[in-house]
Amino acid sequence: MAGFKTLDDIGAVSGKRVLVRVDLNVPVADGKVTDATRIERIAPTISELSGKGAKVILLAHFGRPKDGPSAEFSLEPIARATAQVLGRPVRFAADCIGDKAAEAVAAMKDGDVLLLENTRFHKAEEKNEPAFTENLAANGDIYVNDAFSAAHRAHASTEGLAHRLPAYAGRTMQAELEALEKGLGNPVRPVVAIVGGAKVSTKIDLLMNLVKKVDALVIGGGMANTFLAARGTDVGKSLCEHDLAGTAKQIMIEAAEAGCAIILPADGVVAKEFKAGAASETVAIADVPADGMILDVGAKTVKSVTDWIDRAATLVWNGPLGAFEIEPFDHATVAAAKHAAARTREGKLVSVAGGGDTVAALNHAGVADDFTYVSTAGGAFLEWMEGKPLPGVEVLKQ
Ligand SMILES: Nc1ncnc2c1ncn2[C@@H]1O[C@H](COP(=O)(O)OP(=O)(O)O)[C@@H](O)[C@H]1O
Ligand SMILES: O=C(OP(=O)(O)O)[C@H](O)COP(=O)(O)O
């Protein structure tokens, strides 16, 4: 399939330095990984390469650091979590380029696994600067991309390196593309999409095309607030990107033209603080207090979401409906997840969900195994669904 080389084509790797781009952008609370799905999914590629005697050097980003290195965005705790999942030591180097990286790589024995510090501690990573790519490439003989969930980013470690070193798709990259093609390549209609979560500015644009591919788009989570505000609803202190009101309005126009129903929350669970056990109340969406934050959609909206799931033959879902990490703001996400899982078990729904936090939410609801397919990817999965070429995948085909 796919037109790129995989680990089946890689040949002898014993003693070779293999730079493996993985996605370790995992949910973390109080310094602990709260959902290890992304780590579990990269284990096959790491084990296979290490088992063949390669020096496996992991490259990854974590979060969106703005100001260079910081403890908050360090991958060091994730190296420990990765070691736990792999059941073997994972060494860590405090930089992804330069002397620290070179020394750690030089100390590796065949079969060792090393994680390099957050690539986004260098601004040049996101700018895909050739000089930075050269510095990354200096530590490798071969490049493997196993980060499907970051393949929508044309960064040095996700795209640039593939121009510089012999490049292969890892097992998860391969499996994700195969599974998405199987589940959604020719989806049975009606197709209903649920999009929520918090990455409003980076995901809103792709809704413009998504509304042309699906029959209904249910918008929840932080994403909904921008649409509600664009429609003139006062969302108080909720997460909302007011400057994207024009984009939200245009998406609603495009959806109407394409015959795609847009479903926005009719009610919300509001609180004054974003913390566990904060006092909360459910209000009609027109009655959000000026000092309140919508942290979940309300019961009326949940009913509407489950009704849309009942109408769907295919469901695609990225982004939780509320701040599910904090009780009681997990109610809507858990209810929708359980409902979709039940429909899938009954054979009435093909359900495909993805995203680092969405997977964590499905695990929290205890239903991840009941979905037809759970992708590690959120934004990349939606862009794939849009039909947009993913830079990290396209470059592997060259
Ligand atoms: N109404 C809301 N207000 C603030 N944050 C929210 C809201 N709804 C969802 N979120 C947050 O969205 C985050 C997940 O968003 P996102 O990263 O876009 O999803 P994914 O990782 O699945 O792609 C979660 O941390 C969740 O707490
Ligand atoms: O977590 C990720 O994407 P997702 O939130 O869409 O699932 C990827 O690691 C990409 O991260 P980015 O959106 O900061 O580039």
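Glycine too: its Cβ is placed from the backbone N, Cα and C atoms.
TrEMBL annotations: computationally assigned, not manually curated.
The 10 Å shell around the Cβ of H61 (substrate binding site) contains 26 further Cβ atoms across the protein chains shown. In the three-state DSSP scheme, H61 (substrate binding site) is classed as coil. For D23, L24, N25, R38, H61, F62, G63, R64, R120, R153, the entry in TrEMBL reads substrate binding site.
What TrEMBL lists as ATP binding site is K203, E325, G355, G356, D357, T358. All protein chains considered, the CB of T358 (ATP binding site) has 30 other CB atoms within 10 Å. When secondary structure is read from DSSP and collapsed to three states, T358 (ATP binding site) falls in the helix class.
In this structure, E325 is the one among the binding-site residues E325, D357 with the smallest number of other Cβ atoms inside 10 Å of its Cβ. With a cut-off of 8 Å between CB atoms and residues at least 6 apart in sequence, the same chain places V195, G197, M223, N318, G319, G378, G379, L382 near K203 (ATP binding site), listed in sequence order. Annotation for the binding-site residues G63, G355, G356: lowest Cβ count within 10 Å of the residue's own Cβ, G63. Of all the binding-site residues in the list D23, N25, G63, R120, the shortest Cα-Cα distance to G356 (ATP binding site) is found for N25. You'll find the Cα of D23 (substrate binding site) roughly 21 Å from the Cα of E325 (ATP binding site). Max Cα-Cα distance over the annotated substrate binders (D23, L24, N25, R38, H61, F62, G63, R64, R120, R153) is 18 Å. Not one of the binding-site residues G63, R120, K203, E325 has a CB under 6 Å from ligand 2.
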